[in-house]
Amino acid sequence: MSAAIDAVELSRELIRKPSVTPADEGAMDVVERTLAGLGFACRRMRFGEIENLYARYGTARPNLCFAGHTDVVPVGDAAAWSKDAFAADVVDGVLIGRGAVDMKSAIAAFAAAAAEAIAAGRVTGSVSFLITGDEEGVATHGTKKVVEALLAEGEAIDHCVVGEPTSAESFGDMVKVGRRGSINAEILVEGIQGHVAYPHRAANPVPVLVRLLAALQDRALDEGYPEFQPSNLEVTMIDVPNTATNVIPGTAKARLNIRFNPNHTGQALADWIAAEARKAADGFKGKVTVTPQISGEAFLTERGPFTELVAAAVKDVTGAEPELSTSGGTSDARFIRALCPVVEVGLVGRTMHQVDERAPVDEIRRLQAVYAAIIARYFA
């Protein structure tokens, strides 16, 4: 019989490892030791400087996977915290620490739920964990690489639960069944620097950049898509490195981000930005360079038995139906969708990445109960 796991104490042990991306600081060792103690076959997968772990209990199908990350964002102003960000103090029933919400407590909760299911003999197929140390960073050597390796090896994962903090206002009020895609673009306009009194001897990059950004901003990308918000474009930076009042600058730069629904693909949007750049630069003596970076495509896990199972498990614990949503930012679910249908369910995300990130202890235990209900229903 497997040993019981205290989800709160395991959360605290993980938080005490200051695993700010890309550092691991022993966090993955804690997860591996815990799962190995339950009888999981654990496999460390290191890509670059990033530690990853794939662990599986059982060899039969179906294989229900939990995906999460041990890395966390920086603390910020440590003096602004009421407690040490990595001390994992519990104050008035609330666990305070970086990773309490996003998302070390979810890893601990699913490990505790898995231990419970294994002890009760409920796992008639397999339960697995896909844990990375590269979700909060550039995410190139984490889940993406692990998924590519598992696909190449023919590892079968049938469904996946991601432990991101999906609850919006109250515990269990929201489950994520998809995500919008994301593309960043850097635009560099290179002109010819010169004196403002002699514009014919220069090529001002600023009007070109302004025309381009206006054209991009003025277009309504769409009016939404079933289950999705309308796509939106946001200019995130404009830089003209010129402090003189009598000089036409030589360069102008901007960055933008588009969060898009399935009406678009990242490549189609990159092509559109490039086409608009060519129009804005018509007759310009300089050069316009657009550098796009597609972070992920929009995806949706269609409503069906798996989404219904997860929603029912949440209702088992909260008594209320959760909203099935595609709102918010990107997550590693965008990579896992290549393996299997994926749903995200976790704690309330209100304090993630903030000073005094915190999670009520009772909500960590309720999350364990939700995960236990998912496992029980899955193998029923």
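Just so you know, the numbers here start at 1 and follow the chain as drawn.
Each Cβ is built from the backbone N, Cα and C atoms, and glycine gets one as well.
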Further binder of Zn(2+) 1 named by Swiss-Prot next to Asp102, Glu164, taken from the candidates His69, His141, His195: His69
Candidate sharing the Zn(2+) 2 site with Asp102, Glu136 (per Swiss-Prot), from His264, His353: His353
Candidates Glu135, Glu136, His353, namely the recorded positions, that fall within 10 Å of His69 (Zn(2+) 1 binding site) by Cα distance: Glu135, Glu136
